[in-house]
Structures are given as C-alpha cells and as structure tokens.
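> Structure in structure tokens, see below.
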Amino acid sequence: MEETVASDMMRYPRFEGIRTFMRLPYEPAPVACDAVILGAPFDTAASFRSGARFGPEAIRRISSLLRPANVHHRVRPLDWLRVVDGGDAMVIPGNTSRSHDLIEAAVSGWVSQGAVPITLGGDHSIALAELRALAKHHGPLSLIHFDAHGDTWDEYWGERYTHGTPFRRAVEEGLLDPARSTQIGIRGTVYDPDDIEEGRRLGFAVWTIDEVRQRGLDGVMTAARERAGRAKVFVSFDIDCLDPAYAPGTGTPEIGGFTTHEALALVHGLKGLHLVGFDVVEVLPALDVAEITALAAATMVFEFLSLLAAAKRDAAGQPG
Ligand SMILES: [Mn+2]
C-alpha cells in the first residue's frame, strides 16, 4: 500500500486532516477496492428520538483517534486491504422509500466494484436498503444482528418501513435465510410480552441478553457461526445493543446492555465467517457524551476491517 495520511500516523498526527473515516481517501463514485465506508444519514424512520442523520459525521470525526494495528487479530488492516471512504449516500429526509432506493443504489454501485460495504447509519431502517443491494448480488444472506431490539415488528402507526421493521421486511422479500441467521442481545420493554418471540417465528435464532449471560459470549458466537456455516453473512450492529452507560447517544436506549468490552468479544467471534457486508447504526451525536458512543461505533468499524484483513491474510497463508 502507498503511504497515506491514513496509513502513516507517526508522520501525520491523527488530529490533522479532513475527517473521512480514519482519514482514508475520499472517492465520491464507486472504484474497485476491498471495502468502502459509506454514510447513510437518514433518520426519519425512527420511532422515538431522531438525530441519527448526524451519525456518519460523528463516527468519522472520532475515527481519527484509531491507531492502525489490531492486537487481537495481529493485523494492520490497511496493509492488507484497499479501503476508501465513499462519502454519503443521498437521502430524502421524510421519504423512507425514496431514501432506501438511493441507499440501495449507492451500495449496489460499490458492491459491483467488488467492495465490501461498511455502512454508517442513520436509523436501522437503512439495513433493508443494504440487504436489497447485497442480496441482488449474492442471493439470500445469513444475518448476524447485534441489537437491544429484534426490529421484526410488522408496522408502526400503519407504517411498514421504519427502524423497527427492517428484518421482517427483509425476510418477506427473500433477502435473508432465517435458518442461518442470529439475533443477539435482545432486551428491554416491549409492546407485548410475546414480542420477543417474533424473531423466532420468522425463523431466526434469537439470544436475549439474559440467555447470552447464561451461555457465555464464546458459546453464543460459536452457535451463531455454526448456524451461518459457509453462507455469506451480513453483520448489523445497532449501537443500542450496548448499555446506555457505554452508548448514551442513541435513539431508543435500553438498560441492561453489553459493555464495550463484551461487544468487542462478540465481534471477534465473527472470525472465520464469509462476511460480505456490515453496518453500524443508530448513533445520535446530539445525545452523546464525550464522543463515547461514536467512538464505540468507529471501533466496531475498525474491527470489521480487521476481520476482512485477517481473512485475506489467512487465505494467503501468511502469518502477521
Ligand atoms: Mn435496531
């Protein structure tokens, strides 16, 4: 890889430069690369607090803090991957369906260039647009979904396309293979005690946070990996899977969530899967404190890049 501000942080202090993700090169139109960071600043499908449209900007801003090497995977992702920041997909505030079409088109453009899309939300409704783009290219996907909520409700106030419904719509549209899919971290108050079963009725494996605590993080991720098998996997990380103490800046917080340390262990457990897309959603900067929510999100993106790089290194049969 050529030296860039992204790759040489000793020569270019991390606080310098324009805030693309980790100061990666900005490419406003799709180019051939291994992975792309793409913002989807849409938040008008949120059911409670709005403001996640500023999530991509906040995640990019704090991402300059990240250093280039991942100790867990013993890899410097940018040594193995060509990664660019593709800027933001266009959205139309207040029009979910047109925004989803625009996000799908943006993701599609990058996927057809061979890039693994890593999308920054935005509210969780954007996952449906990502899945439409990815399933068109890859066929039905395995989903591994970290969230306080299953996001498998049918509708809100007669609206079928909201941030609480994307994974039911994705199953209905044939974008997911529920038999290979897992939801992890579900908790909080619900509309009906039976709501927690909705994901299971759709065919997903669902781990409430109590069940995760009983089984253990490694046990849950082993089960998720076995269930996904060799399928192509889309990973959706709703920042509200974290406890509000670790991620206060989000629209629908639920107490009793994961620590950031636990989240790292969960995401490390994705190693070995055939990963074709990621997102981190529901970061709401106006309610964040000391950028900790955005930092957690940026770090998850770095972990996703590290997984892709470790897979490429391992496939090349080279250590370190
Ligand atoms: Mn969600």
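Just so it is clear, glycine is given a Cβ too, placed from its N, Cα and C backbone atoms.
TrEMBL entries are annotated by machine, without manual review.
OK, TrEMBL features for this one:
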BINDING   His124  Mn(2+) 2 binding site
BINDING   Asp147, His149, Asp151, Asp238, Asp240  Mn(2+) 1 binding site
> Please report the distance from the Cα of Asp147 (Mn(2+) 1 binding site) to the Cα of the residue listed as 'Mn(2+) 2 binding site', rounded to the nearest angstrom.
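Here the two Cα atoms lie 10 Å apart.
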> With every protein chain in view, what's the tally of Cβ atoms within 10 Å of the Cβ of Asp151 (Mn(2+) 1 binding site), excluding that atom itself?
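Counting Cβ neighbours of Asp151 (Mn(2+) 1 binding site) within 10 Å gives 27.
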> Which of these binding-site residues is closest to the residue listed as 'Mn(2+) 2 binding site' if you go by CA atoms: His149, Asp238, Asp240?
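Among His149, Asp238, Asp240, Asp238.
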> Based on DSSP, name the secondary structure state of Asp240 (Mn(2+) 1 binding site): helix, strand or coil.
helix
> In this structure, which of the binding-site residues His124, His149 has the fewest other Cβ atoms within 10 Å of its Cβ?
His149
> Take the mean position of the Cβ atoms of Asp147, His149, Asp151, Asp238, Asp240, the recorded Mn(2+) 1 site. Which other residues of that chain put their Cβ within 8 Å of it?
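Not counting the recorded site residues, we get His124, His145, Phe146, Ala148, Gly150, Gly185, Cys241, Thr252, Glu282.
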